[in-house]
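So the structure is just underneath, and the comments pick up after that.
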Amino acid sequence: MTQLLLFLVALLVLGHVPSGRSEFKRCWKGQGACQTYCTRQETYMHLCPDASLCCLSYALKPPPVPKHEYE
């Protein structure tokens, strides 16, 4: 009985397969993450090479470029 329990525990531990996206691809100088969807706390910056979205936290988002008025 003990061996059966040990065998089942070993199967559960060794059989665990992490998801394919456990390591997010990085973008935007390593500060963003390539994801399918951005969360509410993130903003979309550009497309990653695999056509996913580069999501960047609002706290890390660069300030907008000031618009110069042309005469």
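Note that Cβ sites are derived from N, Cα and C of the backbone, with glycine treated the same way.
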Per Swiss-Prot, cysteine bonded by disulfide to C27 (from C38, C54): C54
Cysteine paired with C55, where Swiss-Prot records a disulfide bond, from C38, C48: C38
